[in-house]
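Worksheet for the structure shown next.
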Amino acid sequence: MENKWFLLMVRDDFKGGKITLEKALKLLEKLDIQCNTIHVKYIFKDNDRLKQGRITIEEFRTIYRIITYREEIIEIFNTYSENRKILLEKNLVEFLMREQYTLDFNKSIASEIIQKYEPIEEVKQAHQMSFEGFRRYMDSSECLLFDNKCDHVYQDMTHPLTDYFISSSHNTYLISDQLWGPSDLWGYISALVKGCRCLEIDCWDGSQNEPVVYHGYTFTSKLLFKTVIQAINKYAFLASEYPVVLSLENHCSPSQQEVMADSLLATFGDALLSYTLDNFSDRLPSPEALKFKILVRNKKIGTLHETLERKGSDMHGKVEEFEEEEEIEQEEDGSGAKEPEPVGDFQDDLAKEEQLKRVVGIPLFRKKKIKISMALSDLVIYTKVEKFKSFHHSHLYQQFNESNSIGESQARKLTKLAAREFILHTRRFITRVYPKALRADSSNFNPQEFWNVGCQMVALNFQTPGVPMDLQNGKFLDNGCSGYVLKPRFLRDKKTKFNPHKVQIDSNPLTLTIRLISGIQLPPSYQNKADTLVIVEIFGVPNDQMKQQSRVIKKNAFNPRWNETFTFVIQVPELALIRFVAENQGLIAGNEFLGQYTLPVLCMNRGYRRVPLFSKMGESLEPASLFIYVWYIR
């Protein structure tokens, strides 16, 4: 039956005799078979018996079966098929319920799957499924590891902004290093397309009264400020309808700050949030209330109430000066000092606060005078930048619309030594963590340690591939790639006792079991003979950081079989990410990266699942993937 269908599908292509590799590739595409051209080239060569660069219809059928008839899928099919030829509708129902854990299952779902994936018409009409149909279903998006529930906005978006992790970039204008690299609009466009919701704009005085964007005091190229925000306006809401925050690093004179203010108003129009929303004059609004809005994050003169009193007044030509304590950057001491007992709640005496300052190494400050155009200042509503001094100071004096920027070195020390106080701080105030200045190569830190304490804006260099950006992309797959992910309740509760370094004994851990079955057309290495292995990593609170590795399958990147089982006990699954990495074992220069996939642990489907692989730059490597079986219980 399947042979008859196959011959019917391809015979016209062989009317002229044998076909070339190019025609074979087109025919595979016609049959809806995704394949890696390099793999097909080697398979074609092996099956071209006369070595003439042309194959017969029988040779093509052999190639087709090598690519599509995977042994592990045949084994599953035969387990549920009564005659090893056809799945009855009831057989498919049994498979879906027992193996795929389709909890909201009804019989019509099985019927819909047959109608959608069964290519042989007479089989479809009989409400049955051939192996061809079953294989197509198993290779479809319905059998991906990522739960499609998480593929759309499903979380409550009416909480205040402080209750969300927000996808954030650092030095968004750069597409290379921070000393010589070019500034490019593509930095902003690509970040927005990926769902980034907080962009950084370094603004400096330019010629002809036109502010420019670049990395100051370096050889990086320059962009016009107005050109940057025009690009942002075009792409801001293509990937997500939720608010975009423009974090300004403002080094401009008051006159050019006015130019910036005028450009912002002219470019964004009503989308620019220049006044408080109704009912949100004393608390932060939600992403839902701020849909399709642009927020300016910058220093600000005076209070929000004073801004509202000036509503409608022309602020052009008006400049205010204030004195700010500028941080004198210090190196991390790297002493690895023993973690002291964390300080108590904010009502504890100031002696403990001073003790924490000495242990953590709160940076030194010096006075600095800053001039700000009132026209620009008044565009800052809910995201005023306020210098961070201490948790105690913020508790006493910081206002709801004031946010902090903390360098990674200081933030890391605070995370290790005062995690609970950090969580209580991020519960009330938006906190942005950014890479230290020494990262001239635009490298990134591990964002997980700052998500663990509730930091909303963990800003990374989006242009730099690697594990940190894999975690970033995986984290924000959740909630429909909207750029906003609701923080777990224990990071939002004002009475929280959560400490990522001291997970309570009565936590509710998740036991995760993954059976790594096989690889599917992994990116081929030298001569298509990669020695393939897979690493499965968990990122989360310190106790959840772990990884396991498969054995090496020699000289096989096309269809390696492992059949190995890994088990993880995850204490805080709400914060955990899982990363799958395929590598080619290297004996001298280290392992060669082949592909990876990262996603939140709680966004995984159970059952037989396909893990799509992505390149270092985050590009899809389809059809390269892993085939696994997932089970977890809590």
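The backbone N, Cα and C atoms fix where each Cβ goes, and this holds for glycine too.
The annotation domain 'EF-hand' is assigned in Swiss-Prot to 35-70. Taken from Swiss-Prot, the feature domain 'PI-PLC X-box' covers 155-299, and the record attributes it to sequence analysis. Sequence annotations record features per position, and here Swiss-Prot assigns active site to His170, His215 based on similarity to another entry. What Swiss-Prot lists as region 'Disordered' is 312-345. Under the heading compositional bias 'Acidic residues', Swiss-Prot lists 321-334. The annotation domain 'PI-PLC Y-box' is assigned in Swiss-Prot to 376-492. The domain 'C2' annotation in Swiss-Prot covers 492-615.
The Cβ of His170 (active site) lies under 8 Å from the Cβ of Glu200, Tyr434, Pro435, Ala459, Leu460, Asn461, Phe462, each of which sits 6+ residues away along the same chain.
The number of other Cβ atoms within 10 Å of the Cβ belonging to His215 (active site), over all protein chains shown, comes to 23.
Here the domain 'PI-PLC X-box' (155-299) is broken down by DSSP into helix, strand and coil counts: 44 helix, 31 strand, 70 coil. Residue counts for the domain 'C2' (492-615) by DSSP state, with H, G and I taken as helix and E and B as strand, are 12 helix, 60 strand, 52 coil. Applying DSSP to the domain 'EF-hand' (35-70) sorts its residues as follows: 23 helix, 2 strand, 11 coil.
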